Amino acid sequence: MLTTASSADILTLSPARGLRGQVSIPGDKSISHRALMLGSLAEGETVIHGLSLGEDPRSTAACFRALGADIPELNSECVRIQGVGLDRLQEPAEVLDAGNSGTTLRLMLGILAGQAGRFFAVTGDRSLRSRPMGRVVEPLRQMGANIWGRAGGNLAPLAVQGGSLKGIHYHSPVASAQVKSCLLLAGLLAEGTTQVTEPALSRDHSERMLRAFGAEISVDVAAKTVAVVGGSRLVGQTVQVPGDISSAAFWLVAASIVPESELLLQDVGLNPTRTGVLQVLQEMGADIQVEKRREVAGEPLGDLRVRSARLRGCSIAGDLIPTLIDEIPVLAVAAAFAEGTTVIRDAAELRVKESDRLAAIAQELSRMGAQVTEYPDGLEIKGGIPLQGAEVDSHADHRIAMSLMVAALAAQGSTTLRGADCARISYPDFIPTLQRLINPSSAS
């Protein structure tokens, strides 16, 4: 049973006795951002089906409306965008507000840096203003960008004076799709070729979509390098956004740890740079089958059937981390219910997300009785200890909020979650969907 307090931000959850039904997974947030951006930069019309309606893509749409793109009110059925062309964004009179979305802000910086003769100011909410922007600002400056801001340009608000850019070969110290995508977008407007080499390959939605829109882009998998040639002309396309595997992950873990559960998750994106969560859960013993594999608009997808299972601990580290970075909080929940010990390393990137996700999930699971050891770059979780309902907090982070809701479903006793409403950032219908799926026999 779920009970919402009058503030609508405090949620009380009781243990569930079974999750059953079908779930239509909301559109992939990463792909939605990129479709909105490239549709705005393309010539002609771009049609997007299945767009995510979370707050983050709405922030992207609002920013690009202010930059001159014709973007109607968002819906998940069909959104038609009239683009303005690659280098013809208008200078807005207002500050561009990315809200809580690091993807919006970081990728937009790459686009704005090459808009010669125009000035832009960008900011975000309190959380985003505390997150590091130097990881994209520094390589953009190497390309010739003029960007200023707090802490030497590491923190928003930031000011951008658009100008001429030159291609560079950048060796990123972290495997980050946001860094890579920012520089590829800047490279579209730069003279020559822009190359990005990563320590491990991050998600490749930008490369796939840029190629579909007409950019001259190449990928050297062995060298972990992506290159884009400046001066490409982008042409509007039809984009079908698959379901977000990061959103599906909450249901995969929930159905695995709540007894007598069986869920069918429909139309989930199965891009190989994103499916680490499936690999890890199956290694832990989860009962997950992929059905109806297919490819739509260059992205693989399928349906996922998941049933309750006994999980066991495992090791999560190395090149696997970029393929499941957003799913680590809910995988920590799975680890707490698994027999044995789970060790997560090489995940220091989680400390600079919407919250310090390593610290947040360690703190809140510990409140529920889990044995969690925190490392600078990861966690060690000793599973098999029954979790107890407790008062927990989302840390204003949507992925922490939904992970704790999943933990509450299999804990003993009721759990009260503060800050539940932030789930809307990426998954507006998560709580109503959860209520629908809970077996009626669990109601009290």
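Cβ coordinates come from backbone N, Cα and C, glycine included.
Annotated features, as they stand in Swiss-Prot:
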type     : residues                                            : note
ACT_SITE : Asp326                                              : active site, proton acceptor
BINDING  : Lys29, Ser30, Arg34, Ser176, Gln178, Asp326, Lys353 : 3-phosphoshikimate binding site
BINDING  : Lys29, Gly102, Arg131, Gln178, Arg357, Arg399       : phosphoenolpyruvate binding site
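Overlay of Swiss-Prot annotations on the structure.
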{"residue": "Lys29", "record": "3-phosphoshikimate binding site", "Cβ contacts under 8 Å, 6 or more apart": "Ser52, Gly54, Asp56, Pro57, Thr103, Asp244, Ser246, Ser247, Ser426"}
{"residue": "Ser30", "record": "3-phosphoshikimate binding site", "Cβ contacts under 8 Å, 6 or more apart": "Thr103, Ala177, Arg203, His205, Asp244"}
{"residue": "Gly102", "record": "phosphoenolpyruvate binding site", "Cβ contacts under 8 Å, 6 or more apart": "Gly124, Leu128, Arg131, Gln178, Lys353, Glu354"}
{"residue": "Ser176", "record": "3-phosphoshikimate binding site", "Cβ contacts under 8 Å, 6 or more apart": "Arg135, Glu198, Ser202, Pro322, Glu349"}
{"residue": "Asp326", "record": "active site, proton acceptor", "Cβ contacts under 8 Å, 6 or more apart": "Ser246, Ala249, Arg399"}
{"residue": "Arg357", "record": "phosphoenolpyruvate binding site", "Cβ contacts under 8 Å, 6 or more apart": "Ile328, Pro329, Leu350, Arg351, Asp397, Arg399, Ile400"}
For Ser176 (3-phosphoshikimate binding site), what is the secondary structure by DSSP, using just helix, strand and coil? coil
Ranked by how many other Cβ atoms lie within 10 Å of their Cβ, the binding-site residues Arg34, Arg131 are led by Arg34
Which of Lys353, Arg399 has the fewest nearby Cβ atoms, counting only those within 10 Å, among these binding-site residues? Lys353
In whole Å, the longest Cα-Cα distance within the recorded 3-phosphoshikimate binders Lys29, Ser30, Arg34, Ser176, Gln178, Asp326, Lys353 is 19
So Gln178 (3-phosphoshikimate binding site), by the Cβ count within 10 Å over all chains shown, scores 23
DSSP-derived structure type at Arg357 (phosphoenolpyruvate binding site), helix or strand or else coil: helix
